Amino acid sequence: MKSLSLLALAAIAPPAAVAAVVDRQVPFENRPVQGLPEKFLIQLGPEQTRWVTEDEKWALKMEGVNFFDITAEPDRGFSAKSHERIQVSFPSEVKHQTELAPLLEQLSKDNMRQNLVHFTSFHTRYYKSETGVQSATWLFEQVEEAIQDSGAAQHAVKVERFEHSWGQFSIIATIPGRTNKTVVIGAHQDSINLFLPSILPAPGADDDGSGTVTILEAFRVLLQSEAVQQGNAANTIEFHWYSAEEAGLLGSQAIFSDYSKTGRDIKAMLQQDMTGYVEGTTKAGEVESVGVITDFVDPGLTEFIKRVITGYCTIPFVLTQCGYACSDHASASRYGYPSAFVIESEFKRSNQRIHTTGDTVDLLSFDHMLQHARMTLAFAYELAFAEL
């Protein structure tokens, strides 16, 4: 997710080990000259783009600079303003406390811990690595297992791979509703060690193993609702696990670009990226809370998220900002879809060990992750039955 500020990258970073795929639609004159480092077009703000090498991408992330990599986007020159923003009215109150009460009791910290320990055992989940494919395959199997164990497969609940030109695929699980109006919950499955991405370990426990297993647990429990799994909800629910977030939101961009082109009716998207670290907050003497992002998000959906947290979590929220293109919700916003993002704490108190070998499970709070799981489950259920 966010970038970690570290020093002296230039002195230690080697040339990139693997060249990224160049989109076939890039004009010949814009392709890199043979023998020179491959260049990528990144977008650092609504109207700001730049050509960089892969090593320069990682240097920017180390300096705390986030971006879209739009090299492979056919309409890469478009401004975010060119996609008309979808206007959605979200509920003014939460209404399903009775139905959600028994479901919330089924959320399991042990499940999240067990899944996260295994997920972080892969050497790296770097999007162009062999172990990145292996970790995605394992995650896909866990989603499949949740569907089979709940009996939801007989009601057309399904999980699919969304393939990319790099190795690691994204994952989309769909719970059909009575309409094609769709609510998306997302997290990114890849990890990165910014010092040597293709070589060094990248456990990525918090970034974003925590979000990955948080929404997996919410998905598992949501399928215990007969009304949901049998398709009686008003709206379709999708759970996404994105590839290649760390490389410039590549996986989520590809998905929401496809949704835009095919006319998908996406009513809301919630991102869960980094859900487990509280040490920064508690050491500062502050109250444990979740961080509601307020910049580059949909205001109406963000107000609804506040209602969900107040209604279903046992800790408060704080308002905070993370900047442009700081996680995959930005891809939904880029294509006009309402998006929101909730992180583990106020942004300045979030985990500073990400993108290194130090992003490990032992530093995380599963009690805190349970709060994010409660919020995610309640968000999905409330909007599944809402008139949007």
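Backbone N, Cα and C define each Cβ position, glycine as well.
The feature signal peptide is assigned by Swiss-Prot to 1-19.
With a 10 A radius on its CB, N180 (N-linked glycosylation site) counts 12 other CB atoms from all the protein chains. Per Swiss-Prot, N-linked glycosylation site is recorded for N180.
Annotated Zn(2+) 1 binding site per Swiss-Prot: H188, D207, D273, in sequence order, evidence recorded as similarity to another entry.
Annotated Zn(2+) 2 binding site per Swiss-Prot: D207, E246, H355, in sequence order, evidence recorded as similarity to another entry. The Cβ of H355 (Zn(2+) 2 binding site) has 26 other Cβ atoms within 10 Å, all protein chains considered.
Taken from Swiss-Prot, the feature disulfide bond applies to C322-C326. DSSP assigns C322 (disulfide bond) to coil in the three-state reduction, outside any helix or strand.
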For C326 (disulfide bond), the one of H188, D207, D273, H355 that lies nearest, given that the binding-site residues are compared by Cα | D273
Candidates N180, H188, D207, D273, C322 (recorded positions) with Cα within 10 Å of H355 (Zn(2+) 2 binding site) = D207
Other C-beta atoms that fall within 10 angstroms of the C-beta of E246 (Zn(2+) 2 binding site) | 29
Measure the Cβ-based neighbour count of D273 (Zn(2+) 1 binding site), defined as the other Cβ atoms within 10 Å of its Cβ.
-> 29
Check the Cα distances from E246 (Zn(2+) 2 binding site) to each of the recorded positions N180, H188, D273, C322 and keep only the ones within 10 Å.
-> H188
Residue among recorded positions D207, D273, C322 with Cα closest to the Cα of N180 (N-linked glycosylation site) | D273
